[in-house]
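Undergrad: To start, I am sharing the structure in question, which I have written as structure tokens.
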Amino acid sequence: MEAHSSVVRVFVRIRPTANFSHDVIECLPDGQTVNIHHRKDSRKPQDKNQLRNHSFRLEGVLQGVSQEELYARVCRQVVLGALDGYNGTVMCFGQTGSGKTYTMTGSTESYKQRGVIPRALQEVFREVDKRTEHVFSVHLSYLEIYNETLVDLLSSLQGSPSPSPRGMAVIEEAGRGVFIRGLSLHPVHNEEEALNLLFEGELNHIIGSHALNRNSSRSHSIFTVHIESRLRTLSDAKYVTSKLNLVDLAGSERLGKTGSEGQMFKEAMYINKSLSFLEQAIRALADRRREHVPFRQTKLTHALKDSLGGNCNTVLVANIYGEAAHIEETLSTLRFASRMKCVRTNPAVNEHRDPAAQIKKLEKDVQMLKEELSIYNTLAKRPSITNEPLSEAQLAEIHSQVQRYLEGNLEEISIVSIRQVQAVFTQFKLAVQKVKAQLCQTYNLVEKDQSANTAAIEEMDSRGSTDDVKAGSFEASHQSLKNNERLESASKSKLKPVQTPEKEEESPESDTASQATQESQRAGNEPVHLDPTPSKAQAFEDFKVGPGSKITRILKENNAVLLERRRVLRQLTEEVNAVKREIDCTTASIQQQQETRGGQGQSLVLEEEPDATSLMKLRELTGLYRQRYEVLRDIKADVNYCQHLVDQCRVHLLSEFENWYEKSFPVPEEERTKEKTLEQGDYNQRPCELLPDDCSSESFHNARYRMLKRRNTPVQKNSSGQRRLPHILPVS
Ligand SMILES: Nc1ncnc2c1ncn2[C@@H]1O[C@H](COP(=O)(O)OP(=O)(O)OP(=O)(O)O)[C@@H](O)[C@H]1O
């Protein structure tokens, strides 16, 4: 399917607060514009307390919206697109504590306050159940990028592949795009299984205490839903795949503001570095004049390469605080958001073809067509006709019928099936080939489809036109050219027909094609065994300068004479046409004079003088026309004759070459047999706090219960001291 250009959809979500700074943050009633009235406390005296206004227009300003509404406005479209084969990315960006994780994952304690990810998973499986004509396969992965290190948040799960010895890395491959080597992919079959994995990943998330927010995550996380969809029927071998990336970026505050030290300082440094590179990449993407986008500078931008500027439906939620205290960060977030708004993407369905399914489909088609044909035969009262390959006996019968038909002993061949028609045509073809071979043998002809040879001949023809032909090197032609001086010089060039070997004996000349033939044949009697056998085209080149040199020369010379005759013919044709035009003009002029006189009532007899001159001229011209026309006719006949001789020369050269080639590079008997056979053709998923009126929360509560149980289970460590989480049990 064709890609269509789209822009990144950008929303701003304001974290609810009792101290909303209405004088600083103004949300316009259009629901799309947020104005910031910022009094800059600059050290520059002239800037001190100077009020600055900024206006940001985005796709939506979400203030006081519920999780449900946010999902519907921001994410639903992307999720549905992913089920149709479009890659999708929903990304939260903003200052620490501004509500990114609340937006993305939401509260795990409250079903109503669950975030985008659980809602997306619910929607995916609802759609999977609805779209009964498709078979879906859904896999999940959960990646964390912490201090430029890739972490698989689901590697603790049962059945995860052992980690790649080369470690995890962001890889880019033609046809596959960007993917993470070593990241485990987990099949999930329902919403509950999917939520189990989400909560498992959440448990594994690296949590750090922070001056601004004690439980703020200090890493970027990318939760990906991999979807593959195939039509349930076998009628189509096509299938579509998509990746839905749900990205929770680390907090974007400045280092000074966090007041972090040690490990926290290092984390903040990495975060800032990656976010700053993210910003650079966004700037480059938004600027269409930039050819290079620096995606590879950090793991984050590299991993998100496809999601930012690729064939993806991308949505950004910029999370901001509603208090004036955070206005600098808020401004910075909004600036980032406006830049993101300018990035264009080209969403396209990721369509693939499954060769095995394609074969199955074709087999099914063949079977169906056979059945249909058989029904047709039954209805046409021809039940005995089968559509299976013909047996040896049937083929022999067809052969015999064709022979009898060709000999006139059979009036018609009754047609009963397509296979029989094909077999009959094959027999006709063989018969024609046989006759052709006999003719070639008798008349020393060469088949036209010897393309290599023919091409070589034609090439030689074109070169021949520049060759210098000695006019006297030919014997007199059958006809001399008369009545034209120019033609006399041309007639000095005389053509010599190339004789067949039989005729050659009658010819007394030594410098003739027959001699060339004799030479060729002599060469043929002394086969030259080259190893390896040269290609026919190469051998033909050798032949032309070797045994076939004489006949090649004659062909060249004849060709040159032919070209000269053609040139004369063109010239003469132009002259004849010129005379004809003059005749037409004179005739028209005479007619005009007569009409003028007729109009003035003058007598034709009295006004005789001017007409006499015109008539005289007309008579002369007509005579000249006749004379030239006759010459033209002779020249045309000459050209035809020359063409005939040149053609004869060609056929003769090719025929001689074939004889010589056959003798010089004999084909082993078994290969002949093989060729002959080929020629003939091969005929052939506790407590359930269910909301009274909503059973849809069951999966969410079951998964959360399981996660809480695991969280209370003592943390196990593996031999290398790494934290190992208990295996997730199958959903019962
Ligand atoms: N729209 C909201 N409605 C209700 N509570 C919210 C909202 N946004 C954020 N909060 C609350 O604010 C707190 C911080 O939010 P959250 O953890 O989502 O921030 P964050 O941007 O993810 O921070 P970090 O960058 O450190 O991950 C949480 O207790 C969350 O419940």
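For all residues, glycine too, the Cβ spot is worked out from N, Cα and C.
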Undergrad: For the feature region 'Disordered' as recorded in TrEMBL, pick the matching range from 205-226, 381-402, 579-600, 711-732.
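TA: Residues 711-732 are the ones TrEMBL records as region 'Disordered'.
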Undergrad: Considering only the binding-site residues GLN95, SER98, LYS100, THR101, which possess a Cβ situated under 6 angstroms from at least one atom of ligand 1?
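TA: So the answer is SER98, LYS100, THR101.
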Undergrad: Whose Cβ, among the binding-site residues GLN95, THR96, SER98, THR101, has more other Cβ atoms within 10 Å than any of the rest?
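TA: That would be SER98, with the highest Cβ count within 10 Å.
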Undergrad: Pick from GLY94, GLY97, GLY99: which of these binding-site residues has the biggest number of other Cβ atoms within 10 Å of its Cβ?
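TA: The residue with the most neighbouring Cβ atoms within 10 Å is GLY94.
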Undergrad: Long-range neighbours only, meaning 6 or more apart in sequence with Cβ under 8 Å: which ones does LYS100 (ATP binding site) have?
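TA: Listed in sequence order, they are CYS92, PHE93, GLY94, ASP248, LEU249, GLY251, VAL317, ASN319.
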Undergrad: Restricting to the domain 'Kinesin motor' (7-343), what is the model's mean pLDDT?
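TA: Across the residues of the domain 'Kinesin motor' (7-343) the model's pLDDT averages 85 on the 0 to 100 scale.
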